[in-house]
Amino acid sequence: MPELPEVETVRRTLNALVKGKQIENVTVRLPRIIIRPDDTQAFAHMLAGHSIVNVERRGKFLRLVLDGLVLVSHLRMEGRYGLYQAGEPLDKHTHVIFHFTDGTELRYNDVRQFGTMHLFQPGEDLTLPPLVKLGQEPLEPSFTAGRFKEIVSGKSTKIKSLLLNQEYVVGIGNIYVDESLHRAGIHPELSAKALTGEQLDRLHHAIVATLTEAVDAGGSSIKSYVNGQGESGTYQQQLLIYGRKDQPCSVCGTIIEKSVVGGRGTHYCPSCQQPSAH
Ligand SMILES: [Zn+2]
């Protein structure tokens with residue numbers, strides 16, 4: 001599933017492709033992608049005539065801000081967008097087509113069909129599901145070490161599970177949580193409330209640095225992720241722990257182990273990431 005760096009990369013590339021374009025009409029070929037409104041004809045009718053003002057992001061969700069509407073799109077496993085000329089052959093996995101007045105089309109493809117779209121009036125989207133319960137954005141200036149300590153404070157959850165919970169900090173999934181915990185030298189199964197102030201400072205720094213570097217690299221292309229222009233990211237080449245089971249740790253040379261934490265495959269270095277808080 002794309003995490004913050006991948007969704008942010010899609011946001012940037014998509015914005016460059018569709019900002020300012022006016023929707024003439026919309027074709028929905030797979031109704032289950034459209035969650036709100038529950039009538040796909042109403043969805044298409046509402047969007048016709050509106051222009052795309054900006055493409056924004058909230059956590060792992062894209063927000064296509066139009067003049068008078070907001071379209072919230074989640075790519076889930078393998079959703080992707082691409083800009084085409086009208087008349088170019090359709091892929092069998094193209095499920096939603098936004099036809100623009102200039103003869104181009106934004107197509108939403110999704111092999112797994114798990115992606116979702118919700119359409120809202122401006123302002124509504126942040127007060128209703130799926131965005132309403134989302135927590136802190138980690139790449140905004142408001143995500144200080146102090147704010148991170150407030151979020152983590154007193155919680156007995158395992159630190160890995162806490163970081164994956166989008167109600168606390170958004171955008172971090174299985175890849176970047178493993179990378180951040182390794183970078184900070186923290187064992188994924190430690191209880192959040194057992195971590196020292198110094199460990200939380202290190203983890204805060206590791207999260208920001210890891211996500212920033214991954215955004216700069218265009219995200220990680222694991223499985224089929226591509227940006228809005230069909231290009232792959234390169235951060236998978238810089239991953240230090242994720243996917244490196246049985247390889248030596250880049251810091252200390254110890255063989256990297258993989259276990260299951262909170263139901264998720266978890267990579268860690270048994271030497272750098274000791275299972276005690278001190
Ligand atoms: Zn190590």
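Placed from the backbone N, Cα and C atoms, the Cβ positions cover glycine too.
Per TrEMBL, the features are as follows:
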ACT_SITE  P2  active site, schiff-base intermediate with DNA
ACT_SITE  E3  active site, proton donor
ACT_SITE  K60  active site, proton donor
ACT_SITE  R264  active site, proton donor
BINDING   H93, R112, K155  DNA binding site
DOMAIN    2-115  domain 'Formamidopyrimidine-DNA glycosylase catalytic'
DOMAIN    240-274  domain 'FPG-type'
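Structure coloured by features recorded in TrEMBL.
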residue: P2; record: active site, schiff-base intermediate with DNA; DSSP class: coil
residue: K60; record: active site, proton donor; DSSP class: coil
residue: H93; record: DNA binding site; DSSP class: coil
residue: R112; record: DNA binding site; DSSP class: coil
residue: K155; record: DNA binding site; DSSP class: coil
residue: R264; record: active site, proton donor; DSSP class: strand
Distance check against the residue listed as 'active site, schiff-base intermediate with DNA' for the recorded positions K60, H93, R112, K155, R264, keeping those with Cα within 10 Å: K60
Intrachain residues whose Cβ lies under 8 Å of the domain 'FPG-type' (240-274), provided they are six or more past its termini: 158, 160-161, 164, 174-175, 178-179, 181-183, 185-189, 222
Site extent for DNA, whole Å (max Cα pair distance, H93, R112, K155): 42
For K60 (active site, proton donor): intrachain residues, at least 6 apart, with Cβ closer than 8 Å: M1, P2, E3, L4, V7, H74, L75, Q166, V170, G171, G173
Separation of alpha carbons, R264 (active site, proton donor) and R112 (DNA binding site) (Å): 20
Cα distance (Å, whole number) from H93 (DNA binding site) to R264 (active site, proton donor): 28
